[in-house]
């Protein structure tokens, strides 16, 4: 089986996602207890894509996260660095312009997109700050970023229960439904090591984003961070 280490070497992370691509969406639905749909809807509302706007969906995987933007009439570009995920996505949604790309070295010109979004992917990037700067670079002045990521529950008793779920319950569930359960051990470990809500907001600000704010979902299990590029 394949899993990445917490130093997040790009080739390790890409290989890990190559191995889970076929059953990735199903596994996410099971492990999130069905909450993934509600989280995607919250992302779509926060991005607020409009007809003819250009939206970059980073770490888009199979493009499940891209579809809500396409339905608004926006031009959405699903971008990922896992060839396995891109291949599955192309088989399912051949009409979308799938693009291979590393979040720290995006293959796009400056000031192109009205919105850039990344769901459950920033945590897997080796250099978070470089990725935030690249998102800023490719966003047009006045545009926005929306980041959806696992975070830290705000209520201490629930935080304890959630940590137990990550470390004890999640691995056996993953073994039952995933093609690469070891990847979900990495998932649990990377969530625990991820910065909390204020810390990530600070990093967005240092990357250039203004009016940074966040909203907790499911008690802080997931958090939406949003920022804007000054006009």
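Any Cβ shown, glycine's included, is placed from N, Cα and C.
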Further S-adenosyl-L-methionine ligand in Swiss-Prot, beside 62, 102, 103, 119, within candidate set 48, 80, 111: 80
Residue 119 (S-adenosyl-L-methionine binding site): secondary structure state under DSSP, collapsed to three categories: strand
Spatial neighbours of residue 119 (S-adenosyl-L-methionine binding site) that are distant in sequence (at least 6 apart) but have CB under 8 A: 39, 40, 43, 57, 59, 65, 147, 148, 149
Number of Cβ atoms other than its own within 10 Å, given for residue 62 (S-adenosyl-L-methionine binding site): 25
